[in-house]
Amino acid sequence: MEGRLFVIAYGVLGIPFTMLAIASLGKFLAEILKGITQLTVRLSKTIFCCYSVQKQFKEKEALISDLKNDDNKKGISNDDDISGNSEIKKVEKWGEALVLIVAFFIYIIIGSIVIASYEPEMDFFGAIYFNFVSLTTIGLGDLVPKNEKYLVLTLIYSAVGLALTTIAIEIAAEYLKMLHYFGRKIDNVANVQIWFGGKKLTMKQLVRNLGDYFDLPVNEIADLNLDEFVNAAIKVEAGELGTLRCPRPITVDIESIIFVDADESYM
């Protein structure tokens with residue numbers, strides 16, 4: 001009885017700390033994988049640009065040589081050079097998920113080869129099974145490591161693997177959330193709560209205070225449709241729209257204008 005109570009108390013205190021440590025390690029590994037993905041994507045982009053810039057330069061040079069005057073030259077557009085940041089972000093986002101999946105399976109395979117080499121009761125496929133049920137926290141207990149000499153190595157391998165699994169679960173949850181809300185109309189944005197540390201604000205409160213900070217007209221903030229605004233902002237980030245900036249009309253009060261010929265002080 002005393003031993004069981006100790007296990008319960010130890011689990012209540014130890015499991016949260018263990019999960020916190022694994023989550024922190026997972027974030028560290030996620031930053032490394034993210035850096036590798038961004039570097040790979042940008043190197044690929046640079047190589048592709050170096051390959052295509054010369055061709056585009058020659059085409060534009062030939063086009064300019066055929067133009068007869070400067071007015072026509074002003075009509076040349078640089079649409080191909082408009083920022084591809086949104087496309088790069090999409091590639092990086094999908095690249096991070098792909099890199100994680102590949103890294104997870106490579107980690108299991110390499111770990112299975114190593115574990116099978118020093119665990120006498122596990123062959124390669126048995127080690128794959130053991131790693132999978134351990135890293136996915138299924139843990140049936142039908143296969144356990146018995147080589148005490150390499151037990152520390154097995155524990156370190158399992159801890160790092162659990163960190164990778166944590167990242168995989170977060171990414172999977174994000175994509176499942178995207179799938180859940182796919183095609184749904186954006187509504188009730190004003191009441192969405194955003195946490196800042198231990199405090200929270202609704203979108204409506206945040207936008208109102210932002211308008212006060214930039215001294216925007218109160219009626220414009222009150223009339224702002226946050227649902228349409230967020231929908232448009234998503235399209236901008238996706239590259240479907242250029243910008244949300246709109247030129248403000250310049251209004252002049254005719255009564256406030258003083259004409260020089262109508263004021264004797266200027267004579």
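Placed from the backbone N, Cα and C atoms, the Cβ positions cover glycine too.
What TrEMBL lists as transmembrane segment is 6-30 (among others).
Under the heading transmembrane segment, TrEMBL lists 97-118 (among others).
Taken as a whole, the domain 'Potassium channel' (104-176) shows an average pLDDT of 87 in this prediction. As annotated by TrEMBL, domain 'Potassium channel' applies to 104-176.
If you look up TrEMBL, you'll see 124-143 (among others) marked as transmembrane segment.
Outside the transmembrane segment (150-169), and at least 6 residues removed from its termini, the chain residues within Cβ reach (under 8 Å) are 22-23, 25-30, 33, 100-101, 103-104, 107-108, 111, 114-115, 118-119, 131, 134-137. Marked as transmembrane segment by TrEMBL: 150-169 (among others).
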Which residues, given as numbers and ranges, are at least 6 beyond the ends of the transmembrane segment (6-30) yet have a Cβ under 8 Å from it?
100, 159-160, 162-164, 166-167, 170
